[in-house]
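Novice: Have a look at this one before I ask anything.
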(Lines of atoms letter the chains of each structure in order from A and count residues from 1; the text may use other names and numbers.)
(Lines give C-alpha, C1' and ligand atoms only; values in the text may rest on other atoms or scores of the structure.)
Protein backbone atom coordinates (compact mmCIF):
# COMPACT_ATOMS: atom_id res chain seq x y z
CA UNK A 1 0.00 0.00 0.00
CA UNK A 2 1.40 3.45 -0.81
CA UNK A 3 3.02 5.41 2.03
CA UNK A 4 0.26 8.02 1.79
CA UNK A 5 -2.12 5.62 3.50
CA UNK A 6 -1.95 4.80 7.19
CA UNK A 7 -1.43 1.17 8.16
CA UNK A 8 -4.86 -0.37 8.55
CA UNK A 9 -6.62 -3.45 9.76
CA UNK A 10 -9.40 -4.95 7.65
CA UNK A 11 -12.60 -6.03 9.40
CA UNK A 12 -14.97 -8.22 7.38
CA UNK A 13 -18.34 -8.85 8.99
CA UNK A 14 -19.70 -12.34 8.40
CA UNK A 15 -21.75 -12.83 11.54
CA UNK A 16 -25.32 -12.64 10.35
CA UNK A 17 -28.15 -15.14 10.50
CA UNK A 18 -28.50 -15.27 6.72
CA UNK A 19 -32.29 -15.12 7.02
CA UNK A 20 -32.76 -14.00 3.41
CA UNK A 21 -30.46 -16.86 2.37
CA UNK A 22 -32.53 -19.52 4.08
CA UNK A 23 -30.27 -19.50 7.13
CA UNK A 24 -27.11 -20.20 5.13
CA UNK A 25 -23.87 -18.47 6.11
CA UNK A 26 -23.60 -15.83 3.37
CA UNK A 27 -19.84 -15.50 3.40
CA UNK A 28 -19.41 -19.18 2.62
CA UNK A 29 -21.95 -19.34 -0.22
CA UNK A 30 -20.30 -19.92 -3.59
CA UNK A 31 -20.36 -17.23 -6.26
CA UNK A 32 -18.39 -17.66 -9.46
CA UNK A 33 -16.77 -20.81 -8.11
CA UNK A 34 -15.67 -19.70 -4.64
CA UNK A 35 -17.13 -18.41 -1.37
CA UNK A 36 -18.22 -14.76 -1.30
CA UNK A 37 -15.70 -14.02 1.46
CA UNK A 38 -12.87 -15.25 -0.78
CA UNK A 39 -13.64 -12.52 -3.32
CA UNK A 40 -13.51 -9.80 -0.65
CA UNK A 41 -10.39 -11.29 0.94
CA UNK A 42 -8.53 -11.35 -2.38
CA UNK A 43 -9.16 -7.61 -2.88
CA UNK A 44 -8.15 -6.54 0.64
CA UNK A 45 -5.31 -8.95 1.40
CA UNK A 46 -2.61 -6.75 -0.23
CA UNK A 47 -3.77 -3.75 1.83
CA UNK A 48 -3.13 -5.10 5.32
CA UNK A 49 -1.20 -7.48 7.51
CA UNK A 50 -4.21 -7.69 9.85
CA UNK A 51 -7.34 -9.15 8.32
CA UNK A 52 -10.04 -9.79 10.94
CA UNK A 53 -13.28 -11.66 10.26
CA UNK A 54 -16.10 -11.25 12.74
CA UNK A 55 -18.37 -14.28 12.59
CA UNK A 56 -20.65 -16.19 14.94
CA UNK A 57 -20.48 -19.61 13.32
CA UNK A 58 -18.18 -21.59 11.02
CA UNK A 59 -15.12 -19.94 12.55
CA UNK A 60 -12.83 -22.74 11.36
CA UNK A 61 -13.93 -22.21 7.74
CA UNK A 62 -13.29 -18.46 8.02
CA UNK A 63 -9.79 -18.94 9.48
CA UNK A 64 -8.56 -19.76 5.95
CA UNK A 65 -9.32 -16.17 4.94
CA UNK A 66 -8.17 -14.21 8.01
CA UNK A 67 -5.34 -13.44 10.38
CA UNK A 68 -7.82 -13.26 13.26
CA UNK A 69 -11.37 -14.56 13.72
CA UNK A 70 -13.60 -13.12 16.44
CA UNK A 71 -17.16 -13.66 17.59
CA UNK A 72 -19.64 -11.32 19.23
CA UNK A 73 -19.56 -10.99 23.01
CA UNK A 74 -23.27 -11.85 23.12
CA UNK A 75 -24.90 -14.95 21.65
CA UNK A 76 -27.83 -15.13 19.23
CA UNK A 77 -26.54 -12.93 16.39
CA UNK A 78 -26.85 -9.49 18.01
CA UNK A 79 -26.11 -7.60 14.76
CA UNK A 80 -23.38 -5.73 12.91
CA UNK A 81 -22.69 -3.21 15.68
CA UNK A 82 -21.69 -6.07 17.98
CA UNK A 83 -19.42 -7.45 15.24
CA UNK A 84 -17.73 -4.09 14.76
CA UNK A 85 -17.15 -3.72 18.50
CA UNK A 86 -15.62 -7.22 18.66
CA UNK A 87 -13.42 -6.53 15.64
CA UNK A 88 -12.19 -3.13 16.82
CA UNK A 89 -11.14 -4.69 20.13
CA UNK A 90 -8.65 -7.00 18.39
CA UNK A 91 -7.60 -4.81 15.44
CA UNK A 92 -3.85 -4.19 15.49
CA UNK A 93 -3.86 -0.85 13.66
CA UNK A 94 -5.39 2.54 14.48
CA UNK A 95 -7.41 2.60 11.23
CA UNK A 96 -9.89 -0.14 10.36
CA UNK A 97 -11.50 -0.76 6.97
CA UNK A 98 -15.00 -2.16 7.51
CA UNK A 99 -16.59 -4.35 4.82
CA UNK A 100 -19.30 -6.99 4.52
CA UNK A 101 -18.58 -10.54 3.45
CA UNK A 102 -21.28 -10.38 0.77
CA UNK A 103 -19.86 -7.49 -1.28
CA UNK A 104 -17.54 -9.30 -3.70
CA UNK A 105 -17.36 -6.44 -6.20
CA UNK A 106 -15.63 -4.01 -3.85
CA UNK A 107 -12.30 -2.86 -5.24
CA UNK A 108 -9.05 -1.37 -3.97
CA UNK A 109 -9.80 2.03 -5.51
CA UNK A 110 -12.89 2.43 -3.32
CA UNK A 111 -10.98 1.37 -0.21
CA UNK A 112 -8.07 3.68 -1.01
CA UNK A 113 -10.49 6.58 -1.57
CA UNK A 114 -12.04 5.93 1.85
CA UNK A 115 -8.61 5.71 3.49
CA UNK A 116 -7.48 8.93 1.83
CA UNK A 117 -10.63 10.75 3.00
CA UNK A 118 -10.33 9.40 6.55
CA UNK A 119 -6.67 10.35 6.84
CA UNK A 120 -7.16 13.84 5.36
CA UNK A 121 -9.89 14.60 7.91
CA UNK A 122 -8.62 12.46 10.80
CA UNK A 123 -12.11 11.00 11.16
CA UNK A 124 -14.24 8.11 10.01
CA UNK A 125 -15.15 7.92 6.32
CA UNK A 126 -18.20 6.15 4.94
CA UNK A 127 -19.69 5.66 1.49
CA UNK A 128 -22.73 7.80 0.88
CA UNK A 129 -25.21 7.33 -1.95
CA UNK A 130 -27.33 10.47 -2.12
CA UNK A 131 -29.01 10.73 1.29
CA UNK A 132 -28.08 7.18 2.28
CA UNK A 133 -25.02 6.19 4.28
CA UNK A 134 -23.49 2.75 3.65
CA UNK A 135 -21.80 1.79 6.94
CA UNK A 136 -20.56 -1.53 5.56
CA UNK A 137 -18.16 0.45 3.36
CA UNK A 138 -16.27 2.50 5.93
CA UNK A 139 -12.91 3.36 7.40
CA UNK A 140 -12.97 3.86 11.16
CA UNK A 141 -10.37 5.17 13.57
CA UNK A 142 -10.03 2.63 16.36
CA UNK A 143 -10.62 5.44 18.83
CA UNK A 144 -14.38 5.26 18.06
CA UNK A 145 -14.56 2.00 20.04
CA UNK A 146 -15.62 3.66 23.34
CA UNK A 147 -18.33 5.64 21.52
CA UNK A 148 -19.70 2.44 19.97
CA UNK A 149 -19.54 0.61 23.31
CA UNK A 150 -21.44 3.45 24.98
CA UNK A 151 -24.07 3.37 22.23
CA UNK A 152 -24.43 -0.40 22.70
CA UNK A 153 -24.74 -0.05 26.48
CA UNK A 154 -27.46 2.59 25.94
CA UNK A 155 -29.47 0.12 23.83
CA UNK A 156 -28.50 1.29 20.35
CA UNK A 157 -28.32 -1.58 17.86
CA UNK A 158 -28.04 0.35 14.58
CA UNK A 159 -24.47 0.41 13.32
CA UNK A 160 -25.17 3.48 11.21
CA UNK A 161 -26.70 5.48 14.06
CA UNK A 162 -23.85 4.53 16.39
CA UNK A 163 -21.19 5.53 13.83
CA UNK A 164 -22.89 8.83 13.07
CA UNK A 165 -22.51 9.88 16.73
CA UNK A 166 -19.01 10.98 15.71
CA UNK A 167 -17.79 13.06 12.76
CA UNK A 168 -18.01 11.02 9.56
CA UNK A 169 -16.82 12.09 6.12
CA UNK A 170 -19.01 10.97 3.23
CA UNK A 171 -17.49 9.47 0.10
CA UNK A 172 -20.05 10.13 -2.63
CA UNK A 173 -20.82 7.15 -4.86
CA UNK A 174 -23.47 6.79 -7.55
CA UNK A 175 -26.66 4.94 -6.69
CA UNK A 176 -25.83 2.30 -9.30
CA UNK A 177 -22.16 1.80 -8.31
CA UNK A 178 -21.76 -1.96 -8.78
CA UNK A 179 -18.85 -2.08 -6.32
CA UNK A 180 -21.41 -1.61 -3.56
CA UNK A 181 -23.59 -4.54 -4.60
CA UNK A 182 -24.21 -7.00 -1.84
CA UNK A 183 -25.89 -10.34 -2.19
CA UNK A 184 -28.79 -10.57 0.23
CA UNK A 185 -30.85 -13.20 -1.55
CA UNK A 186 -30.23 -16.35 -3.60
CA UNK A 187 -31.64 -14.61 -6.69
CA UNK A 188 -28.90 -11.96 -6.61
CA UNK A 189 -26.23 -14.66 -6.75
CA UNK A 190 -27.41 -15.67 -10.21
CA UNK A 191 -26.07 -12.44 -11.79
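Even glycines carry a Cβ here, placed using N, Cα and C.
If you look up Swiss-Prot, you'll see 13, 14, 15, 26, 72, 102 marked as GTP binding site. Here Swiss-Prot flags 102 as Mg(2+) binding site.
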Novice: By a 10 A CB contact count over all chains shown, which of the binding-site residues listed here is most packed: 72, 102?
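Specialist: Of 72, 102, the one with the most crowded Cβ is 102.
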Novice: Around residue 26 (GTP binding site), how many other C-beta atoms are within 10 angstroms of its C-beta?
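Specialist: I count 23 other Cβ atoms within 10 Å of it.
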Novice: Highest CB neighbour count within 10 A among the binding-site residues 13, 14?
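Specialist: Counting every other Cβ within 10 Å of each candidate, the maximum falls on 14.
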Novice: Return one of helix, strand or coil for residue 102 (GTP binding site), based on DSSP.
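Specialist: The three-state answer is coil.
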Novice: What three-state secondary structure does DSSP assign to residue 26 (GTP binding site)?
Specialist: helix
